[in-house]
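According to TrEMBL:
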- B:1-22: region 'Disordered' (REGION)
- B:30-51: transmembrane segment (TRANSMEM)
- B:57-78: transmembrane segment (TRANSMEM)
- B:98-115: transmembrane segment (TRANSMEM)
- B:121-148: transmembrane segment (TRANSMEM)
- B:160-180: transmembrane segment (TRANSMEM)
Amino acid sequence: MSAMILFAFIAGMLVTLSRQLNGRLAIQTSALRSSFWNHAVGFGALAAVTLLAGSFWPEGASGAPWLAWIGGAVGVAFVGGGSWLIPRLGAAMTGGLLVAGQMLSGVAMDIARGQDAVLWMQVAGIALILGGVFLSRRR
Amino acid sequence: MTPFAKDIDVATPPPASPGATARAPRPIEIVAALATGALLTFMLLSNSIMAAHTTPLFSSLTAHAVGSVVAGAALIGARLWRRGRGTAPPRPRGNVPLWAYLGGISGALTVMLTSSTANSALALTGTLAIGLAGQVVLALIFDCLGAMGLERRLPRRQDLLALVAIIAGTMLIIHARGMAG
């Protein structure tokens, strides 16, 4: 269990590390180019792992709906956006505001899909996040 | 340093100004960040559907493959568009160190780790909450150091307060899902 906590913490740190590296690449090239390399290099690494311990066409792949296939296209804009933001806002505010956007849209999606959740906690969470975004604007 | 280094303008990224304090984000940057964060919600939904049909590894592999093709096509499109307008393609500014291309490795490792923690007692809720802590801690360290050639900036008091509020709100929302059903 404590190993899992450590793994989860490291996974979070790797998100920041990845964004920092992509941001560095972007200031010398472009946000789109850094997004391309992020995906291409990541694909190479995952293909190597798949070669060792996975299947390139697992059962069920043919039955996956189209929605399951387009995440990577959205990811290009996500990584590119992060690379554009990090030289402007720094790692901490970039991470914070991305999470804010993720949570606000996440709650909207949960409600739209009728996902079970405790409503007052969602409302309080949204209020805190909007308050945080507002605070970041103050000089 | 390659022998050609001196021929290329070594416009290394903006020098880390010692003790620089962060500025307030501009409205366009806030809108861009919130919209980009919303893309993540959509991306995770798509990837989780693929993972449910297959495996987390295959889901991430296909996401990276599709992302490479889409980004590659966009780069080619941009090049053709520039050629059509007669503008020169942009050249990399200065020498890009090889390690700056390794962001994708870090991203691939993240998938490996979270697919194991999300299936442990931590579940998705714990993975997200602890991951957020790890993300912010390292981000603050990177900002204070000016790590990897990005500008050094000390967070302002209101930046830290903003982060605390965003993290607290995020924890509430994550647990709002975890506690129901």
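Cβ coordinates come from backbone N, Cα and C, glycine included.
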Task: Maximum Cβ pairs under 8 Å to the transmembrane segment (B:30-51) - stretch from the list B:57-78, B:98-115, B:121-148, B:160-180 - done: B:57-78
Open item on the list: Using a Cβ cut-off under 8 Å, which residues of the same chain at least 6 positions beyond either end of the transmembrane segment (B:121-148) come close to it?
Closed with: 16, 22, 100, 114, 154-155, 163, 167, 170-171, 174-175, 177-178
TODO: May I ask for the residues of the chain that lie six or more residues beyond the transmembrane segment (B:160-180) and have a Cβ under 8 Å from a Cβ within it?
DONE: 123, 125, 128-129, 132-133, 136
